[in-house]
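J.: Submitted below is the structure of interest, expressed as structure tokens.
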Amino acid sequence: MLSCNICGETVNSEPDMKAHLIVHMENEIICPFCKLSGINYNEICFHIETVHFEQNAPEKNSEKLAAVQYGHSDRKNTNLQSTAEVTSGIHSACASSFPKESSESLPKDRTVKHEAFYTENITESRKYQKSREKKPGLSEAQGSIYETTYSPPECPFCGKIEGCSQDMEIHVKTKHASLLESPLKDCHQPLYDCPMCGLVCTNYHILQEHVDLHLEESSFQQGMDRVQCSSDRELAHRLQQEEDRKRKSEESRQEREEFQKLQRQYGLDNSGGYKQQQLRHMELEVNRGRMHPSEFHSRKADMLESIAIGIDDGKTKTSGIIEALHRYYQNTATDVRCVWLSTVVDHFHSSFGDKGWGCGYRNFQMLLSSLLQSDVYGDCLKGMAVPCIPKIQSMIEDAWNEGFDPQGASQLNNKLQGTKAWIGACEIYTLLTSLRVKCRIIDFHKSTGPLGTHPRLFEWILNYYSSETEGTPKIVCTSKPPIYLQHQGHSRTVVGIEEKKNRTLCLLVFDPGCPSREMQKLLKQDMEASSLRQLRKSVGNLKHKQYQIVAVEGVLSPEEKVARKQASQVFTAEKIP
């Protein structure tokens, strides 16, 4: 009876013990270099020859194989004991020979590569064994472990078959040396870290190829970034162009609307002038039943006749107001210390034909009505009558054609007839100067008192009317004509100024917006103070940002007229303050 030194089991014969030990070896054998287990003896031999050929010299390997496989049958106990010792020696070699630091010194990917390599070797060994088993005519001895181990080896990498193990070893070392690098104890092989990702390479050339891949990828990414950046810039440029186009289109639209609004406001929208507006209003009155058709035709005929001869028909005129004011201040006004009145002047109010834009023309009619009643201006205004509005427009165009105020003419397109264009202080000055009437423009361009008031304006008008008066009578009828007063959007005519007993000043103003029925209330004999409310304007009533006045001061000589025409090429006004 034979007893197994490994597990204690007893067997009857040496072949049974040998088979029993082989079972132990197949189940328990472990690679002494890398601790690979779970494979049979033939597989572990093939594994050691191919993977650990540098650590396992041929002669040592032969001794191990002989110790395990070539024991004599006569030395039963000794062989079994030796076999057990070899087996335990193999186990101890696996524990002592495998470097403890190897797993730590190698990167994880190197370990993965070796495991894959071991699995491949084992697979190849098993394939070789199966092919041997399938060949017919082989005896049991020929299929033994010796023949499997020393049969013509095949390269596990490229499949080449060599005549012996030494030739295969040389082949693997020379052809597949880079694949057989394994961790060795106390091995100081230089390693190369990738500067871009930290990968450890065992060969400088491999590192160079690896870094080149990084650079190619970076270059490709940069190229893609440049393409993307270029595409983004192009898209941004297109969006900016579209935004600029829309903004310019919107600005152009707003500019056109504002320009058209200004054209309508100043009567330059080609919608007709005085004549067309008068006819439209009269037709509207007929349609509403406020005017009989016969009256429409009668008034139309009168209007056409007035335009044809160039003289105002007088239907909007109110005369005698200055005389009525003189009577009032003489008999009734007890709160007034002194009053200065201009020369006689007629009031003209707007009609259907010039409503909304004709205040400047109506104020010129008032001023001219005063000048025509003065002998001082008889020479320069000889044979004139108060003109109608279309005639005044024609007279201003004639003054422009003479060379007066070219800048103002260009702003109005050198045309007033047939339009509803407003006129202001510059046009009044131009027209009077062309008629040889001496006048001046004074610009009160900013307020000179609290709350936006203009006390300097009142002081200037007081000095204008009181300059030729000695003493302080209550009522002073001066020889000074009325003053044209302009502010933004409207104009009026100053016909006098009164000083209260408390020394406050109040202007007396004719407004072309006031209808004749209101002005005629001033002609009553028993006129009340409340009737003057529409004429009186205190300092607190004039709070526009800017005021301009045109004051008449006499007659120009022909030479002075030429000089003033030359000066009007660059029009300037006197500024106060």
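Cβ atoms here come from the backbone N, Cα and C positions, even for glycine.
What Swiss-Prot records for this protein is below:
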- C359: active site, nucleophile (ACT_SITE)
- H490: active site, proton acceptor (ACT_SITE)
- D511: active site (ACT_SITE)
- 124-137: compositional bias 'Basic and acidic residues' (COMPBIAS)
- K261: N6-acetyllysine (MOD_RES)
- 124-145: region 'Disordered' (REGION)
- 238-260: region 'Disordered' (REGION)
- 248-273: region 'zUBD/ZHA' (REGION)
- 2-24: zinc finger (ZN_FING)
- 29-52: zinc finger (ZN_FING)
- 153-176: zinc finger (ZN_FING)
- 192-214: zinc finger (ZN_FING)
J.: Could you work out which of the recorded positions (K261, H490) has its C-beta surrounded by the smallest number of other C-beta atoms within 10 A?
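T.: Relative to the other recorded positions in K261, H490, K261 has the fewest Cβ atoms within 10 Å.
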J.: So if I draw a 10 Å sphere around the Cβ of D511 (active site), how many other Cβ atoms end up inside it?
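T.: There are 22 such Cβ atoms around D511 (active site).
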J.: If you count Cβ atoms within 10 Å of the Cβ of the residue listed as 'active site, nucleophile', leaving out that atom itself, what do you get?
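T.: By my count, 25.
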J.: Taking every residue in the zinc finger (153-176), what is their average pLDDT?
T.: 79
J.: Please spell out the DSSP helix, strand and coil residue counts for the zinc finger (192-214).
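T.: Looking at the zinc finger (192-214) with DSSP, the answer is 11 helix, 4 strand, 8 coil.
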J.: To the nearest Å, how far is the Cα of K261 (N6-acetyllysine) from the Cα of the residue listed as 'active site, nucleophile'?
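T.: Distance between the two Cα atoms comes out at 19 Å.
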